[in-house]
């Protein structure tokens, strides 16, 4: 089971009912935060998921509406009692940005580990950038006015132990547990590997987050078969497409086009322009292309369960 909360859905500037952009993913006691705009920790306090277990913060890019909540959040994490290292991932320039944002708070009771990614826009996938237990984070360069990344968070599901397979392979009972945990074991001068006792691969969970970009073809494959695709819809109106092209953003129908091409299960629109006071008025522009589209809102929550297999 994986929990997702859209902490903030505003773009550019906060409004009376929208914090700036941020997405929180929680799985098995671990939390991943993508972007940290103003108001992030306010929403976190309201949903009461806790701060101490935030292990990774991923930045898409370094425009102010995506990073200005970091300083306060790091201080709150410190006050929560965290002492384990915290990892921050982002495009090139991460060290300079974090250094600037923490001038007023230079000391924390935990180490901050920084991972800077090559984020020149291209059609090539970046390799897996981070792994924590069963959760893997991937990144893809997209097309904004500055270097920007899209992120995909994938939860791998453990394969079931297959007793019949273990017996057929004549695996000694006393090493079953270690093989089930993924270890290779040499026993009585013979090598035993996990594949000798484990069943078929099982479908995991995939969440893809994309904001501040024009549509790029590589997103179709990157977001392919996502259980949830959280994508920017800066403007709802079709007539705003020219502005979206100029500002390197998307309109609702373009986000829906990516969702359809990627065959995702569900699309949440987010990162709305402050001028877009009623995004639901333009929802049909997206639903005509991809039916299972929803308007994002601050503190919108979804629980995704593994399929029964």
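Along the chain as shown, residues are numbered 1 onward.
The backbone N, Cα and C atoms fix where each Cβ goes, glycine too.
Since this is a predicted model, take the numbers as computed values, not measurements.
According to Swiss-Prot, the protein has these features:
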- 61, 63, 144, 212: Zn(2+) 1 binding site (BINDING)
- 65, 66, 212, 271: Zn(2+) 2 binding site (BINDING)
- 65: active site, proton acceptor (ACT_SITE)
Worksheet entry | Euclidean distance between Cα atoms of residue 212 (Zn(2+) 1 binding site) and residue 66 (Zn(2+) 2 binding site), Å | 10
Item to complete: Take the Cβ of residue 65 (Zn(2+) 2 binding site) and count every other Cβ within 10 Å, whichever protein chain it belongs to.
Response: 23
Item to complete: In whole Å, note down how far the CA of residue 271 (Zn(2+) 2 binding site) lies from the CA of residue 63 (Zn(2+) 1 binding site).
Response: 13
Fill in: Mapped DSSP class for residue 66 (Zn(2+) 2 binding site), helix or strand or coil
helix
Worksheet item: Which are the residues of the chain, 61, 63, 144, 212 excluded, whose CB is within 8 A of where the CB atoms of the Zn(2+) 1 site average out, their centroid?
Response: 60, 62, 66, 145, 146, 148, 211, 213, 248
Discussion item. Return only the integer: C-alpha distance in Å from residue 144 (Zn(2+) 1 binding site) to residue 271 (Zn(2+) 2 binding site).
Written reply: 14
Discussion item. I need the CA-to-CA distance for residue 271 (Zn(2+) 2 binding site) versus residue 61 (Zn(2+) 1 binding site), whole Å please.
Written reply: 14
Worksheet item: For the binding-site residues listed here, 61, 66, 144, which shows the highest count of neighbouring CB atoms within 10 A?
Response: 66
Item to complete: Could you check the binding-site residues 63, 271 and say which one's CB has the most other CB atoms within 10 Å?
Response: 271
Discussion item. I want to check the contact list for residue 212 (Zn(2+) 1 binding site): same chain, sequence separation of six or more, C-beta distance under 8 angstroms. What comes out?
Written reply: 11, 60, 61, 63, 66, 142, 144, 148, 232, 248, 249, 271
